[in-house]
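Positions annotated as region 'Substrate-binding domain' by Swiss-Prot: 12-231. Look at Swiss-Prot and you will find D120, D227 tagged as Mg(2+) binding site, backed by similarity to another entry. If you look up Swiss-Prot, you'll see D120, D227 marked as GDP-alpha-D-mannose binding site. What Swiss-Prot records for K171 is active site, and it gives similarity to another entry as the kind of evidence. Residues or ranges marked as region 'Hexapeptide repeat domain' by Swiss-Prot: 254-369.
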Amino acid sequence: MCGNPAVGNGTRALILVGGYGTRLRPLTLSTPKPLVEFANKPILLHQLEALVDAGCRQVILAVSYRAEQMEKELKVEAKKLGVELIFSHETEPLGTAGPLALAKTILAASSEPFFVLNSDVICDFPFKQLVQFHCNHGKEGTIVVTKVEEPSKYGVVLYDENGCIKNFIEKPQEFVSNKINAGIYIFNPSVLDRIEVKPTSIEKEVFPEMTQQQELYAMDLTGFWMDIGQPKDFLTGMCLYLSSLRQKQSPKLYTGPGVVGNVLVDPTAKIGEGCRIGPNVTIGPDVVIEDGVCIKRSTILKGAIVRSHSWLDSCIVGWRSTVGRWVRIEGITVLGEDVIVKDELYINGGQVLPHKSIAASVPEPQIIM
């Protein structure tokens, strides 16, 4: 790979899929988080497509939770993409580094560098640039860093003008940097000698040692980035993704009567008359939107129905859920799978578990079980 900047067929990647997806409940009570649709496509499929586009032919999924469902659904997609998917099963949670050691025989089978990424990340994936940057500096690892508005919420990365990382500072109270770890890495196989098959944090246990030895570099990400592991960030990420689509692939966006701004609609969805859809809306397969509905900054998942004259803002409507007539939903409300909201109700910030029927308004954010 480093001999050939055009990323060869020897490229491999490991995606950290492990966790239970608790931050994205109630959606993840029905579906493993990597299979939840983001902009009408499973989160993980965005990453797989970007890896394949960069020449990757083998992807290891480090899984622990509901692996069978993922295998079943992803094998079909992998075949279409022409990528070999290997499932590496954790019997106990191994953190962010342990899964690399568990997959060591596969990752060390070639001397070429390999990608590692966190399954919650959506961005303009820079895999080709990352390979070139990594090969140019010739050290053991490179992490992608991205600029954020509020660095005090994160651990920040300090590095010199060449990209050589000098330090990591966890949630700084005073401004030292606004660059954070974006959860996308490339490593030489020699990094595997630093990791054992046990619960290990790559950020807290492996990176500091590599930094001390000047073996870890940072590459700046251009374009948008979001960790979409929780509903608020899922919706923000959707807005950023649709904006990127507008710049790069605008024909994919929906244009029709009543559409405002960036909207993505599956061809099988039906939208009634007198609706106002957008900005920043995704509507999935087999969705029915009746007449006079207003939707903005929301995701409507497969098979959901929104009855006439309802108003939705900043919400996620789960698979096969039904929103009644003259309903108002806002405040980062998430309806799980197969939820029924009766007519003329108000829901503000509700997290509604699957298969529930809501017959009274929910004026304050709460979990409805």
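Placed from the backbone N, Cα and C atoms, the Cβ positions cover glycine too.
The structure, with features from Swiss-Prot marked on it.
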residue: D120; record: Mg(2+) binding site; DSSP class: coil
residue: K171; record: active site; DSSP class: coil
residue: D227; record: Mg(2+) binding site; DSSP class: strand
Pull the DSSP breakdown for the region 'Hexapeptide repeat domain' (254-369) and write it out as helix, strand, coil residue counts.
0 helix, 49 strand, 67 coil
In the structure shown, which of the binding-site residues D120, D227 has the fewest other Cβ atoms within 10 Å?
D227
Could you tell me the mean pLDDT over the region 'Substrate-binding domain' (12-231), as a whole number?
87
For the C-alpha pair, I'd like the distance in angstrom between K171 (active site) and D120 (Mg(2+) binding site), rounded off.
20
